[in-house]
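Visitor: Okay, handing you the structure first.
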Amino acid sequence: MDHEAGLPQYEGKADHQAVYAEKADVADYKADAILAENAEHNMTVLGAVKAYPMASFWAFVMSCTIIMESYDVFLIGNFVALPAFQRQFGVFDTATQGYVIATKWQSSLQVSGQLGALIGVFFAGPLTSRVGYRYATLIGLMLLNAFIFVFYFAETMPVIFAAQILQGIPWGIFIANAPAYCSEIVPIKLRAPATQMLQMFWAIGSIIVGGVTYSTSHTTHKSAYKLPIALQWMFPTPLAILIFFAPESPWWLVRKGKLDQAKRSVERLGTGTNSSEAVAMMRRVIELETSVKPPSHWELFKGTDLRRTLIVCGVYLAQNLTGNLIANQAVYFFEQAGMSVKTAFALGLITSALQWIFVMLSWILTTYFGRRSIYLWGSAANTILLFALGVAGCFGKHNTTANLAQASLGLIVSVLFVLGPAPASWVIIGETSAIRLRPLTTGTGRAAYYIVEFPCIFLASYMLNPKGGNLGGKCGFVWGATGLLCLITAYFQLPEMKGRSYREIDIMFRRRIPARQWRKTVIDVNEDE
């Protein structure tokens with residue numbers, strides 16, 4: 001019996017018909033997939049917003065979860081400089097004739113929440129792969145509601161430390177899920193602004209903290225730090241209600257084989273879009289990554305996925321090694337640079353407000369100029385400014401001009417960081433990982449961030465603390481050196497993924513195309529390898 005070339009060897013007529021039907025189905029959905037991908041490539045940014053209005057809204061809602069980690073990170077950073085908190089939990093310093101938080105507790109408080117988040121990100125990947133982004137995030141929000149009670153009623157440093165660890169666990173879920181969810185529910189042209197909203201909400205969290213602690217910095221009553229803690233309860237419940245009604249990521253539903261639900265999700269995210277074609281595009285990409293095994297962390301370190309994992313981890317690591325900790329401890333940095341308490345808190349609030357504005361400017365830059373370009377140029381500028389900060393710090397704390405220079409450079413470093421490297425990082429993190437392994441990759445990348453942040457926090461606290469290194473602005477030399485190393489690594493390893501579909505990104509990683517050649521590489525819309 002004659003057999004069609006390329007088909008399995010079946011004996012019966014019915015079997016032949018089944019094979020032809022299967023090939024026809026593959027051909028049909030590939031044709032639809034090509035149409036959907038071409039439609040996304042041909043969209044303008046404004047056209048994408050009009051076609052996917054609800055996708056933009058739900059990305060906005062999911063990004064709001066980042067406020068809670070930002071709020072608490074900056075809250076602890078501000079508490080270290082808050083007179084009421086210093087008097088309640090600090091030790092008397094004869095040199096300054098005031099209370100200061102002991103170096104060991106200053107560092108421990110900074111690292112405690114991140115320790116909990118490290119635990120959370122390892123739960124986030126398997127949890128999200130199993131139950132989806134929505135339910136994993138809802139679980140995190142409910143846990144956070146409960147853990148805030150521990151922080152609010154804490155009266156000793158060890159209890160505060162434990163409370164921060166507990167609060168960090170849901171943060172880990174949020175920070176792992178948000179960039180992945182946002183990048184999956186929007187079309188190509190909106191991936192940059194959708195994921196960069198995470199940095200905007202990080203800035204919003206710091207603004208809220210800055211405003212609250214500035215208003216209470218003049219009092220030594222317990223309410224000065226109790227009120228900011230209690231305000232954390234204003235986030236989880238409203239967000240949980242909204243996220244309960246949010247659509248699940250259609251990419252996650254396709255990975256689970258729930259094609260009809262994925263179509264309904266696409267219809268909820270966009271208007272005037274062909275849900276069948278969109279799901280066909282997702283199906284095409286996911287079948288490029290097909291495996292009979294459930295996703296596992298081991299896969300992140302095999303084959304081409306290793307390169308993708310290293311890029312995500314590297315971008316996360318660089319956030320700690322390029323001066324970001326100056327932004328997180330801005331108020332304390334300003335105090336150690338010679339500013340008064342009131343001025344330090346005011347500068348911290350100004351820094352947060354400027355960060356918010358500059359994040360929105362970064363949407364335009366990253367959307368039109370690319371991720372790699374903005375990341376590299378921003379990192380280069382940041383590195384130069386850090387070395388300049390170190391030079392200013394060499395002139396001593398009793399030099400008014402040098403103090404103003406240190407404060408100004410500290411503010412500029414904190415602000416420019418969110419114009420270039422920081423928001424571009426979120427886009428890169430969301431785009432780099434394979435669809436099938438995305439929850440695990442983003443979780444592992446964030447875990448790498450926390451692992452490196454622990455020693456960096458202790459180092460940053462030691463360098464600024466009067467009872468430690470007492471370096472002030474000279475810490476710029478340390479962060480400038482690590483920032484330069486990150487810049488060189490990014491130049492050789494970070495590819496440009498602007499305007500690329502997930503299919504194109506998969507193919508380019510499989511072909512092992514060098515990072516600097518991505519921009520000029522052409523991938524045909526019909527290619528599947």
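Sequential numbering from 1, following the chain as shown.
Glycine residues also receive a Cβ, built from the backbone N, Cα and C atoms like all the rest.
A quick note: this is a predicted structure, and the numbers were derived from the prediction, not measured.
The transmembrane segment annotation in TrEMBL covers 57-85, 135-154, 160-182, 194-213, 233-254, 344-368, 374-395, 407-427, 447-464, 476-494. Per TrEMBL, domain 'Major facilitator superfamily (MFS) profile' is recorded for 58-498.
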Visitor: Using a Cβ-Cβ cut-off of under 8 Å, list the residues of the same chain that are 6+ residues beyond the ends of the transmembrane segment (233-254) and lie near it.
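Guide: For the transmembrane segment (233-254), the list is 54, 58, 61-62, 64-65, 67-68, 71, 128, 132-134, 137-138, 141-142, 144-145, 148, 180-181, 184-185, 261-266, 268-269, 278-279, 282-283, 286, 435, 438.
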Visitor: Would you call the transmembrane segment (194-213) and the transmembrane segment (476-494) in contact, using three or more Cβ pairs under 8 Å, pairs 6 or more apart in sequence?
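Guide: These two stretches do not touch.
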Visitor: Which sequence positions outside the transmembrane segment (57-85), separated from its termini by at least 6 residues, show Cβ-Cβ distances below 8 Å to it?
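Guide: Sequence-remote neighbours of the transmembrane segment (57-85) are 99, 101, 106, 109-110, 113, 117, 133, 137, 140-141, 144, 164, 167-168, 170-171, 174-175, 177-178, 181-182, 185-186, 190, 194-195, 197-198, 200-206, 208-210, 213, 216-217, 219-225, 228-229, 232, 235-236, 239, 242-243, 246-247, 269, 328-332, 335, 341, 344-345, 348, 352.
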Visitor: Between 135-154, 160-182, 344-368, 476-494, who has the most Cβ pairs under 8 Å to the transmembrane segment (374-395)?
Guide: 476-494
Visitor: Return the average pLDDT for the domain 'Major facilitator superfamily (MFS) profile' (58-498) as a whole number.
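Guide: Mean per-residue confidence for the domain 'Major facilitator superfamily (MFS) profile' (58-498): 84 out of 100.
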Visitor: Test the contact criterion for the transmembrane segment (160-182) and the transmembrane segment (135-154): 3 or more CB pairs under 8 Å, pairs 6 or more apart in sequence, then answer yes or no.
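Guide: By the criterion, they touch.
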Visitor: Look over the recorded stretches 135-154, 344-368, 476-494 and say which has the most C-beta pairs under 8 A to the transmembrane segment (407-427).
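Guide: Answer, by Cβ pair count: 344-368.
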